[in-house]
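Now, the feature entries from TrEMBL:
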TRANSMEM  92-113  transmembrane segment
TRANSMEM  125-149  transmembrane segment
TRANSMEM  222-245  transmembrane segment
TRANSMEM  309-328  transmembrane segment
TRANSMEM  340-357  transmembrane segment
TRANSMEM  363-385  transmembrane segment
TRANSMEM  405-429  transmembrane segment
TRANSMEM  449-473  transmembrane segment
């Protein structure tokens, strides 16, 4: 069926509409990556510090180099995918299928506590890098698949909304599963006792969690159980994606069109104004969201006195995000995508309030509002990127294969920025004297966590939204681009049919 799209007439391509079932299967296929990514974003840093007992400096290396390896894989994946030929199941689908088994193995081993102590840093660095690289090999073709589901912008926006809803739901499932399963690994009864005024500083150094050097300790077991459950979700998602989604060849490309060489395509991409502005804006915004996710559990545990509530706060954030994705989809359809971006800033004042006035009720309210903002930050870039690709296609009508270049380079920049942000935050904890596994951290560590949750994300979000003001694609220009592409397709199809008729006549 997918292969037949190559030879189908223009009318059939333009008249093809995605069914709700296809959109749903496409959305479910991307959820496992978010399930695993959510668990890692919220819990990997505290796992490395308090369970594996590696230093904050080494944890920063693991986090940064892991993200960097995923970022470097993006353009490499884009290069090889752009060179791929069409197969019976498509050009992008084979990549998604091939990398999934190795992703599952690397994810499970990333949460395994090896029996040796001296080589733990190398262990986690190796498997975190592998996991990030393999998820990139999955995410680049999967996200680029949006362009090959339908030629209709509303269909693509709708498929993106389905995908974002399921990915945010996957993020919720990942955080909820991980949080509920591993919560007991971070609970210590004597840490819940408030020390008296005359208590000496030695109480600060009392370990809250025993050193789990034994891989079969309770702390290690619960993390491995969580990893096994989430690894199983990958299998379900990939089966649904393969059975429910048919990849269609580029309907705007003629058989005579040649793929844009990767280096030339990358250079053109970096010169394309709308893409540069969109990427720069969400590079800063995604870094802010990553900082919130990566340090939220640490903040609740050590700076806000919410050690026994962090898993419920995480679930509140993500439930709010899941519920609000349909709202944001309707909002951007009615008021435009740039206007919807204002919702990302809603979390700023409430996060600052939580940092300055730690309170349980306020914490849940902040979690709810943060979920609204996170949903907007997840939905908008993936909804706007197809518009950028269409704009580029209109300016370069005789090239094809550039979709993966756009998607891979976008993911490269966002992952690299997130890696730098997480690496710097972990290094900041090392500099201020973070001690793994103790009940109470120093005032400098607490101040650092407050800055990483409040001030730093606020500044990054405001800068990102300022850059987005200069993003040139409006709702009117989107409609003009759609009409121009449809006219281009009709004229190309007429030219192709005329050439074919002349050849037949000459014969």
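Counting starts with 1 at the first residue shown.
Placed from the backbone N, Cα and C atoms, the Cβ positions cover glycine too.
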> Which sequence positions outside the transmembrane segment (340-357), separated from its termini by at least 6 residues, show Cβ-Cβ distances below 8 Å to it?
Replying inline: 285, 292, 304, 328, 331-332, 363, 365-366, 369-370, 372-374, 376-377, 380, 450, 453-455, 457-458, 461-462, 464-465, 468
>> Can you work out which residues elsewhere in the same chain, 6+ from the ends of the transmembrane segment (363-385), have a Cβ less than 8 Å from its Cβ atoms?
In response: 143, 146, 157, 160-161, 163-164, 167-168, 278, 282, 285-286, 289, 292, 300, 304, 306, 309, 313-314, 316-325, 328-329, 332, 337, 340-341, 343-347, 350-351, 353-354, 406-407, 410, 471, 473
> What parts of the chain pack near the transmembrane segment (92-113), using Cβ distances under 8 Å and only residues at least 6 beyond its ends?
Replying inline: 29, 36, 40, 44, 47, 51-52, 77, 81, 84, 120, 124, 127-128, 130-131, 134-135, 137-138, 140-142, 144-145, 148, 212, 215, 217, 219-220, 223-224, 226-228, 230-231, 234-235, 238, 241-242, 245, 247, 404
>> I need to check the long-range neighbours of the transmembrane segment (125-149): which residues 6 or more away from its ends have a CB within less than 8 Å of a CB in the stretch?
In response: 18, 22, 26, 29-30, 33, 36-37, 40, 44, 61-63, 65-67, 69-74, 77-78, 81, 90, 92-93, 95-96, 98-100, 102-103, 106-107, 109-110, 155-156, 159-160, 163, 241, 245, 247-250, 382, 386, 389, 403-404, 406-408, 411, 415
